[in-house]
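Student: Here TrEMBL flags A:13-526 as domain 'Cytochrome oxidase subunit I profile'. Sequence annotations record features per position, and here TrEMBL assigns transmembrane segment to A:32-52, A:72-97, A:109-132, A:157-183, A:195-221, A:241-266, A:312-336, A:348-367, A:387-408, A:420-442, A:462-487, A:558-576 (among others).
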Amino acid sequence: MTTVANSVGQKKGFGATLWDWLTTVDHKKIGILYLIGGGFFFVLGGIEAMLIRLQLLIPNNDFVSAGFFNELITMHGTTMIFLAAMPLLFGFMNAIVPLQIGARDVAFPFINSLGFWMFFFGGLFLNLSWFLDAAPDAGWTSYASLSIASTGHGIDFYAIGLQIAGAGTLMAGINFLVTIINMRAPGMTYMRMPLFTWTTFVASALILFAFPPLTIGIFFLTFDRMFGGNFFDHTMGGNTIIWEHIFWIFGHPEVYILILPAFGIFSEIFSVFSRKRLFGYSAMVFATVLIGFLGFMVWAHHMFTVGLGPTANAIFAVATMAIAVPTGVKIFNWLLTMWGGSIKITTPMLYALGFIPSFVMGGVTGVQQGAAPLDYQLHDSYFIVAHFHYVIVGGVVLAILAATHYWWPKMFGTMLSEKLGKITFWFFFIGFHMTFFLQHFLGLMGMPRRVWTYMDGQGWNLFNLISTIGAILMAIGVIVLIINIIVTTARNERVGNDPWEDGRTLEWAIPSPPPFYNFAQTPLVRGLDTYWIEKQEGHKGYTAAEPVTDIHMPNGSIIPFFMTLGLFIAGFGAMYRVDHSWGLGVLVFGLAFTFLTMAIRSVKDDLGYYVTKDQIRRMERGRD
Amino acid sequence: MAHDIEIIEKTPAEYAYKKRRSDRLMRSQLMMFALMIFMTLISFAAVQAGFSAYFVIPVVLLLAAVQVGLQLYYFMHMSEKGHGLVAFFMYGGILIAFLTVLTFVTIIWW
Ligand code: HEM
Ligand SMILES: [Cu+2]
């Protein structure tokens with residue numbers, strides 16, 4: 001039984017297993033790699049957060065130094081956004097979207113692997129700053145005047161690390177777009193795509209348009225810091241405000257890149273565990289696309305206090321508030337999906353229920369901040385910190401935790417313990433509100449954002465204390481989740497195709513975990529909630545669109561790993577070029593290495609291989 | 001590893017239809033090509049004639065934009081079926097880029 005679950009079917013040694021993972025182009029394995037990588041950085045960012053909260057536990061604390069505190073907040077934000085939240089979402093997108101649309105893999109398996117390795121090496125590069133020099137310390141937004149003035153190599157690590165990781169993200173985004181446009185099974189029209197696929201699609205489109213500005217901004221910063229450029233230096237005719245614009249032209253769409261897939265995850269969960277089709281499907285799709293568009297027209301709401309002038313502020317304020325409309329449409333649709341449904345409170349559903357009030361609170365503070373005159377009061381205070389944690393933790397992180405429970409059986413073939421899952425939820429949910437709710441009031445009382453410490457007697461002590469206790473509760477929740485994962489994996493009780501019993505979409509029609517070719521026959525999609533329709537008609541599995549034929553599969557490749565390694569080496573060269581003569585050589589070597597691997601990839605034909613009909617029949621028979 | 005290659009023969013009617021269609025396409029492409037060369041000539045002439053820069057620059061930019069459109073629709077077949085999504089992405093991107101540039105021009109560089 002378990003032998004079939006493995007793609008190769010025999011027990012392999014450690015070396016062979018490692019090689020398998022380094023070279024894999026299978027979207028399901030890359031999904032798991034993203035989860036491991038993202039999970040690692042999530043824990044790292046969490047440790048940074050705990051240190052921040054311990055420092056703010058009591059007034060006049062000197063648990064960490066002021067300089068180290070700046071490094072902590074910068075690395076916490078950067079890690080959580082770029083290296084934890086996004087890769088974790090990518091993990092689920094990779095693992096699930098091809099299954100939902102009835103495809104055997106993504107459109108560009110090679111690029112998929114390249115995208116993962118670039119994220120991973122970029123993150124590694126960024127975090128090596130802790131050991132090699134000092135970590136970046138100008139905030140995750142790295143505003144130019146501050147970041148150019150920062151001494152040491154910290155900001156260089158930020159610029160180059162994010163450049164590499166960002167390129168990987170862009171590739172992943174393009175790959176998902178092409179996959180969803182071109183690889184849908186027969187009958188899977190756009191308006192039959194599950195909402196998670198839809199939101200992945202729109203988030204990928206946002207990546208396509210939002211990451212190039214980030215790339216350019218970071219190149220400017222790199223040139224200013226390492227190659228004598230003056231893009232942001234006003235004494236040389238540059239303009240420091242331009243960085244803020246470029247960063248937020250990327251940055252605001254980025255927050256929607258995070259939240260849209262979260263919306264998708266919850267849409268699936270609400271409908272499955274209310275055992276009803278999603279209320280207002282087409283309105284949901286339309287709202288998603290509209291949010292995508294509006295997301296590009298509001299970036300200056302992060303810059304109200306820069307002095308753009310009343311006209312610009314007014315325009316951006318109105319545009320910002322407009323986004324609340326499609327978001328509200330979504331909230332009501334979720335509520336109406338539950339209305340009259342036969343609701344089953346599983347762990348994922350619990351997260352979904354907790355998400356609605358939490359995210360609504362984040363949305364409400366967002367609209368408040370969107371009112372430009374009020375934002376003069378709120379800007380750069382703890383109110384902002386409360387807002388974005390309500391949307392990011394109350395939205396994105398809850399979605400990631402929900403998806404972990406929801407899709408774990410599909411990805412790994414075992415079911416996470418529901419009991420431990422609920423314990424995680426309650427610790428995390430209560431801890432989350434304890435940590436961030438009072439921060440709204442700290443902000444209104446005048447506590448500025450990103451402060452290292454604060455004085456006694458301002459009435460901030462109690463709220464900061466409660467906030468830190470809340471953070472500890474969240475950490476306990478995460479630890480319980482990790483225990484849950486370990487226990488479940490050790491117990492290894494295999495589950496069937498549809499372990500929640502209420503699966504509606506195609507991924508639940510195939511084994512958990514799916515065989516490496518996903519679908520023995522390409523499925524025929526006959527409507528929204530494909531698998532639900534089949535179940536209603538008493539079918540087992542799905543309706544096939546074709547007879548069993550040979551399946552064409554891509555070969556694994558180590559080239560993506562080496563391609564990225566070259567860039568990683570070149571990054572060090574670019575950075576140390578400033579103070580060592582060998583730097584230039586390393587830079588050239590690294591780039592040459594990458595180009596060499598690209599050349600090899602272009603010249604060497606790799607046409608993949610075929611799984612024959614007989615092999616497929618044998619494997620499908622072996623299953624049950 | 002036999003992979004069946006399907007060979008589909010065209011019926012005479014299909015053949016005639018395809019031929020008529022490609023003839024029509026060819027004609028329109030040639031006409032557009034001539035038109036585009038003509039527009040390029042106008043641009044060069046406008047610069048050569050020494051008109052005011054405030055006149056020449058908008059005219060050249062406008063002609064360039066028209067040429068991009070012709071290129072897309074007549075040479076890159078954007079008007080044909082199955083290009084709807086591409087068009088949507090392009091116009092979406094153009095809209096966003098336009099608004100962004102407009103903002104920069106009005107609030108940073110004005
Ligand atoms: C109803 C929708 C939303 C509105 C109207 C809104 C509005 C705003 C505004 C006006 C600010 C700037 C406040 C200031 O710095 O003075 C802001 C900051 C922020 N928002 Fe939102 N927001 C919304 C949803 C979201 C979502 C869904 C996310 C992420 C998932 C998010 C993440 C952030 C972040 C990270 C910041 C802080 C950035 C920084 O300065 O470091 N927001 N929001
Ligand atoms: Cu924003």
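Easy rule for this one: first residue shown is 1, then count along the chain.
Each residue, glycine too, has its Cβ placed from N, Cα and C.
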Student: Restricting to CB pairs under 8 Å, which listed stretch, A:109-132, A:348-367, A:387-408, is in contact most with the transmembrane segment (A:157-183)?
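Tutor: Most Cβ pairs under 8 Å with the transmembrane segment (A:157-183) come from A:109-132.
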Student: Determine which recorded stretch among A:32-52, A:195-221, A:312-336, A:558-576 has the most C-beta pairs below 8 angstroms with the transmembrane segment (A:462-487).
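Tutor: Answer is A:32-52, with the largest number of Cβ pairs below 8 Å.
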Student: Mean pLDDT for the domain 'Cytochrome oxidase subunit I profile' (A:13-526), rounded to an integer?
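Tutor: Averaged over the domain 'Cytochrome oxidase subunit I profile' (A:13-526), per-residue pLDDT gives 95.
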